[in-house]
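Engineer: Sharing the features that TrEMBL gives for it:
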ACT_SITE  His222  active site
BINDING   Ala124, Asn192  NAD(+) binding site
DOMAIN    8-121  domain 'Aspartate/homoserine dehydrogenase NAD-binding'
DOMAIN    170-257  domain 'Aspartate dehydrogenase'
Amino acid sequence: MLKIGVFGCGAIGGEICKAIDNGQIEAELYAIYDRHNESLDRVKSSLENFDPQIMEIVDMVREVDLVVECASQQAVYEVVPAALHAKCDVMVVSVGAFVDTQLLGMAENIAREKNCRIYVPSGAICGIDGLISASAAALHSVTLTTEKPPGGLRGAPYVLENNIDIDSITGRTVLFEGSATEAVQSFPANVNVAATLSLAGIGFDNTRVRIVLNPALTRNVHEITVEGEFGRFTSRVENVPSPTNPKTSYLAPLSVISTLKKLTQSFNVGT
Ligand SMILES: NC(=O)C1=CN([C@@H]2O[C@H](COP(=O)(O)OP(=O)(O)OC[C@H]3O[C@@H](n4cnc5c(N)ncnc54)[C@H](OP(=O)(O)O)[C@@H]3O)[C@@H](O)[C@H]2O)C=CC1
Ligand SMILES: O=C([O-])CC(=O)C(=O)O
């Protein structure tokens, strides 16, 4: 049975652990880690069938077959090289870290050398399957409009650096327009989806991103438009936010769970 380690036990990590524990994913939850003991305790007490060991990443990668990073962009720098050097596969959720071309190149090189896999789930967006299919021919443009209520954007570096008082904004307001490169650096915990789109499509510099604050919303909305030789598609998802982290949509952990299920199933549907 696939031995999994989960690095980061917040909104996403907690759901993944539960899905392994209740048998939705046929794997062993071998190890977990988080920098907060309360998060580790919360996850452990939610489990009925597994009693994972708490392990720092250096020890975790020696024991498991796959590490799931669901912590932060900063954690990707620690988790991905450690896993790959130890010949351990890795699934990355804080995908925005891959805007760093040195990190991305290094990860690809080590993975090739060690014959390991790096998995990036679709996360909180719909349409990655179509974009990947379309990318087999020429792509002309990829754009993402992310629209969130204040809780989904509060605390982002861009908001803090520009002294934007998001709680005083009463109407729908475009906060940011630019490349995915700038977007994932300015909103590292809000638009990792822009990085996933960039990696699947035409790269970080060519993927256009608009971030909109909408106090009237209760959901996190991501709308994607792709144009290319195949034609044109638009996908729109109205995501229920996670109860413990309003920045994170519930679809994100579901996407990780489904990607993990794919690894353990013999029959797989979708691009
Ligand atoms: N690809 C996608 O579509 C999506 C990606 N994400 C990203 O996924 C990641 C996880 O999201 P979510 O579960 O909601 O986040 P949470 O904040 O709920 O949980 C993450 C946990 O990991 C901890 N953590 C962060 N960095 C480290 C580290 N270096 N070492 C140890 N523990 C660490 C956090 O601590 P602390 O609070 O102190 O940082 C927190 O306890 C985030 O980076 C988020 O931006 C989210 C939604 C969609
Ligand atoms: O969960 C979402 O809606 C998107 C998100 O936070 C991210 O991509 O970082």
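The backbone N, Cα and C atoms fix where each Cβ goes, glycine too.
Keep in mind that TrEMBL annotations are predicted by a computer and have not been checked by a curator.
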Engineer: Return the residues near Asn192 (NAD(+) binding site) by Cβ distance under 8 Å, restricted to its own chain and a separation of at least 6 in sequence.
Structural biologist: Gln73, Val93, Ser94, Val95, Gly96, Gly123, Ala124, Val184
Engineer: Please list the recorded positions from Ala124, Asn192, His222 whose Cβ falls under 6 Å of any atom in ligand 1.
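Structural biologist: Correct list: Ala124, Asn192.
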Engineer: Under a three-state reduction of DSSP output, how is His222 (active site) classified: helix, strand, or coil?
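Structural biologist: Reduced to three states, the DSSP call for His222 (active site) is strand.
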